[in-house]
Each structure stands twice: as C-alpha cells, then as structure tokens.
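Peer 1: According to TrEMBL:
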REGION    334-354  region 'Disordered'
TRANSMEM  20-41  transmembrane segment
TRANSMEM  101-122  transmembrane segment
TRANSMEM  255-275  transmembrane segment
Amino acid sequence: MALLKVKFNQKKRVKLAQGLWLMNWFSVFAGILVFSMGLFLKIELRKRSEVMDNSESHFVPNSLILMGILSCAFNGFAGKICYDSLDPAKFAKWKPLLKPYLALCCVFNMLLFFVALICFLMRGSLESTLAQGLKNGMKFYRDTDTPGRCFMKKTIDMLQIEFKCCGNNGYKDWFEIQWISNRYLDFSSKEVKDRIKSNVDGRYLVDGVPFSCCNPSSPRPCIQYQVTNNSAHYSYDYQTEELNLWRRGCREALLSYYSSMMSSMGAVILLVWLFEMSVMVGLRLLHTSLESIANPEDPECESEGWILENSLKDTFKSALENLKKLGKFNQVEAGAEGAEGEEGGKTPAITTVS
C-alpha cells in the first residue's frame, strides 16, 4: 500500500505545481538568509580570532554558507521543474532527472538538519577554544614591541570594554601573569626587584588589572592596583565590598554571546528545514501524480500521487534486499577475478614444461 496516496485531477495538479513554484522561490530567499547568517557569523568570529585557539569554530559558518548556496541552487532548479510541469511537452525532458534530483534533495535535507543540530551542540567546543585562546592572549598582552603580538593589548582591552568582562574566568586571572611590559618597569626600584625575586619564574606579578577591567558605572574611582590590599585604600574591603571591576570573565561573556547567536541561527535553520521538507514532499507528489496519468494524451484525466510506492516496512525490506544483492554481486565479481588470476598464474608453468 502506497504511503500518503492522494488523488489528483487536472485542476489539483495545476494548483500543486503553482503552489510549489511559489514555495521554491520562498526557499531561494530562505537560502539567501542562511547564506547571510553564515557570512555574518564568520565575520563575527574573525573579529576575535586572536582570542580563539583554533579554526574549528569556523565549521559552523562555513557550513551555513555552503548550505545557503546549495539551497538557492536546488530550489531554483525545482522552481523551473514546477513551472514546466504545467506543459506536458516541456515536462517530458525533466522526467528522467526527477528521481535523482529527489534523492539529492533527501541528502541535502539530512545535511541541513545536521547543520542545525551542530549550531546547538557547538558550545562545548567553543568554550575550550575560547578558554585557551584568551589564556594565550592575556599572556601576550605585554608584548607591545613584539612583531605579530603588538596588537594583542588593544584587542584584549577593546574586548573587555565591549563585553564588560575581565580576565579569562575573572579579574583574578590577571594576578597570575605579568601583563606589564619590562619596558615600563624601573629595575632600579627595590619594590620591582623584590617582586621579581619573590617569583620562581622571575616575573613581575601584581594584584592589579588593566584599565579596561574598570566599571565606569561605579561611583568610586577605579581601584585597579593593589586590589587585595585593604590598607592601601580608604574605607575598602575587597572581600565584602562590591568591586568597581567587571566580575564576569571574558570566556563566559563571549561564550554567552556566540552561543545565543548560534542557537537563534539553529532555530531559523530548523524552520527552513521544515519548509524544505514540505517542498520536497510536494514535489514528490507532483512527480508521481504526473507519472501515473493513465492516458498521457488526455491531461485532464485523474491520477494518483504518493510519497512511497509501498509502505515504510516494505520499502525498508526492499532496500535491504537490494543491498544484499549488491553485496553478493561484489563477492561473485571478486571470486571471478581471483579465479582468473589463478588461471593466469598456471599458464606460464605449463608453457615452461612444454
């Protein structure tokens, strides 16, 4: 028994073809939207590529760009088929291509669904990429005179100001690295010497943060040096008082920004996928309804359209049998080639005896 069998007359077939033609052009615009989202996400990721550890995060935007291009191509082609289906003479040239095209549509929709899932599941990979990238970026913050790293200070400062964050996981991350360049340290000063000597790695570590960590909304002037020294500031207790520094780490801020963006894109792609699936189902019904016309010379006669010629169970069984036959055929071919090889090997031996 055919799956989703529908009876069609000439009027219904024409309406279906016209509706599908319109839906395909909507799908072309949806493809442009998917392409634009991928391009926007790629630009946003590239803006902060210096604080990302690898290029794996670009898999999502690259996939969106590719799927957008394919969507425009597939749906533009389907629109032409639907338009020509109104004329039996024009539709005849498309008949041999429809089955392979529908198979490609199935693959395309599977890939589109996969990309939508990836948009929701990229959070873990993105988190590790940002954590390592920010750690390296903070390490190179002081290298303002080193070629290839001189931009890192500006990048980190702009990032902390824009996203209202400080450090990787929090402001205390700055206490663990030397973020002030040796160029701006007075090595004749006893304080500087003592701090460097007290550190195993010979680094100048302070309980301070860059100016970009300061919260301008705080009524108190920014305390960015000696943050943990209560006696250095009047009426101050860093453990109980609300600091005038950004509390949130930049990893969390960036992760929240990109995750919400990709989740929104994933939701849009799921809607596009549902729309594409409905277009594919409609095209299959149109294809089968036109193929099952009893008298091609009488276009007004009734016909039947379906999604699958047999039930899901029978279709699955048929597919398994075809796979088994294909496997047996390959085994027979491999056996025949082996036998030919053995015969070829024996022939020279007989010739030698002669």
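One is the number of the first residue shown, and numbering goes on along the chain from there.
Glycine is treated like the rest: Cβ placed from N, Cα and C.
TrEMBL annotations: computationally assigned, not manually curated.
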Peer 1: Counting only residues 6 or more past its boundaries, what in the same chain has a CB within less than 8 Å of a CB in the transmembrane segment (20-41)?
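Peer 2: Counting only partners 6 or more residues beyond its ends, the transmembrane segment (20-41) has Cβ contacts under 8 Å with 60-72, 75-76, 78-79, 82-83, 261-262, 265, 268-269, 272, 275-276, 278-279, 282-283, 286.
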Peer 1: Could you give the residue numbers and ranges of same-chain residues that sit at least 6 residues beyond the transmembrane segment (101-122) on either side and whose C-beta is under 8 angstroms from one of its C-beta atoms?
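Peer 2: Same-chain contacts beyond the ends: 57, 59-60, 63-64, 67, 70-71, 74, 77-78, 81, 259, 262-263, 265-266, 269-270, 272-273, 276-277, 280, 283-284, 287.
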